[in-house]
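Please read the structure below before turning to the comments.
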Amino acid sequence: MSVKDKREKMTATREEFAEVQQAFAAYADEFAADVDDKRDVSELVDGIDTLRTEMNSTNDAFRAYSEEFAADVEHFHTSVADRRDAFDAYADIFATDVAEMQDVSDLLAAIDDLRAEMDETHEAFDAYADAFVTDVATLRDVSDLLTAISELQSEFVSVQGEFNGYASEFGADIDQFHAVVAEKRDGHKDVADAFLQYREEFHGVEVQSLLDNIAAFQREMGDYRKAFETTEEAFASFARDFYGQGAAPMATPLNNAAETAVTGTETEVDIPPIEDSVEPDGEDEDSKADDVEAEAEVETVEMEFGAEMDTEADEDVQSESVREDDQFLDDETPEDMVQCLVCGEYYQAITEPHLQTHDMTIKKYREEYGEDVPLRPDDKA
């Protein structure tokens with residue numbers, strides 16, 4: 001609250017106090033009139049005491065407000081004095097700054113230094129302009145360049161002549177190379193025709209005859225098996241008649257070896273088909289030679305396989321003839337056979353074609369059953 005507001009408030013309070021005094025004077029006049037009219041003033045005693053109490057309270061309130069107002073005025077005077085001191089200090093600092101700004105000796109020295117540097121730069125630009133003019137004059141002298149261009153043109157002409165000669169020689173070499181390629185292509189075609197003829201002859205005559213022999217051998221083995229069964233039944237009947245009912249010997253005939261041999265023979269004669277490896281014209285000579293060597297190796301394997309089949313057939317016939325002489329054998333694995341660990345059957349050898357019927361190879365067979373797994377009877381030792 002400002003001083004003006006406080007003064008206006010005090011003025012309003014004084015006016016209210018004057019109005020109260022006027023009202024009190026009017027009330028006193030009225031009271032005096034009433035006293036004259038009414039001698040009994042006992043009812044007004046309490047009103048007078050109340051009015052006095054109110055007037056004392058009003059005086060106390062004005063006194064307290066006067067003290068508070070005096071304290072506020074003192075505080076305002078103190079703050080004004082502090083601001084005056086701050087303004088005086090700022091005026092001193094401002095005067096010092098103005099004095100320093102009015103001292104332009106450093107600025108004049110910097111201007112002199114700048115003028116000196118500008119003069120040096122102007123001199124450097126003049127020197128550069130002179131050097132540039134000299135360089136331009138030197139660059140305009142193209143006599144050496146023209147001489148070098150003439151020499152380069154001469155070299156290009158000579159190189160062009162050499163390239164023309166080389167192109168002629170290269171064309172002749174290319175024609176000769178084409179002739180050699182055509183000759184080799186014809187040779188490859190003749191080899192392919194001969195190979196096709198050989199393959200047709202091999203598969204149409206030799207392989208078919210081998211398959212016919214195998215089928216005949218299988219039929220012969222079937223006849224042997226039927227004869228063995230007939231002999232076994234006759235011998236069993238003879239044993240029952242000889243020993244009497246229920247007194248037949250406990251020996252049991254063994255036909256597993258014969259059946260195993262037949263099964264092994266039937267399994268091992270499966271010959272995988274030979275895929276057509278003849279390439280069209282245009283293949284290189286090395287691939288043709290590799291195909292011929294591969295077919296030769298296949299033929300050698302087939303011939304060795306046929307010889308092995310004939311040998312196994314002879315051995316089976318001999319073993320069957322021995323079994324006719326002696327029908328009762330001990331229940332043991334033959335020493336000249338080896339067991340396949342996949343199907344459990346016994347064969348004279350575990351071969352690649354047999355393992356292919358189990359979707360396996362010899363390498364995979366050894367990985368699954370061990371490197372020492374026997375593939376032939378000799379391996380068991």
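Glycine too: its Cβ is placed from the backbone N, Cα and C atoms.
Look at Swiss-Prot and you will find 22-59 tagged as repeat '1'.
Here Swiss-Prot flags 22-274 as region '7 X approximate tandem repeats'.
Taking the repeat '2' (60-84) as a whole, pLDDT averages 88 in the prediction. Taken from Swiss-Prot, the feature repeat '2' applies to 60-84.
Under the heading repeat '3', Swiss-Prot lists 85-122. Sequence-distant contacts of the repeat '3' (85-122) (same chain, at least 6 residues past either end, Cβ-Cβ under 8 Å): none.
Feature annotation from Swiss-Prot assigns repeat '4' to 123-160; the stated evidence is a curator's inference. Residue counts for the repeat '4' (123-160) under DSSP, helix first, then strand, then coil, are 36 helix, 0 strand, 2 coil.
What Swiss-Prot lists as repeat '5' is 161-192.
The annotation repeat '6' is assigned in Swiss-Prot to 193-232 on the grounds of a curator's inference.
Per Swiss-Prot, the feature repeat '7' maps to 233-274; the stated evidence is a curator's inference.
Residues or ranges marked as region 'Disordered' in Swiss-Prot: 261-333.
For 276-318, the entry in Swiss-Prot reads compositional bias 'Acidic residues'.
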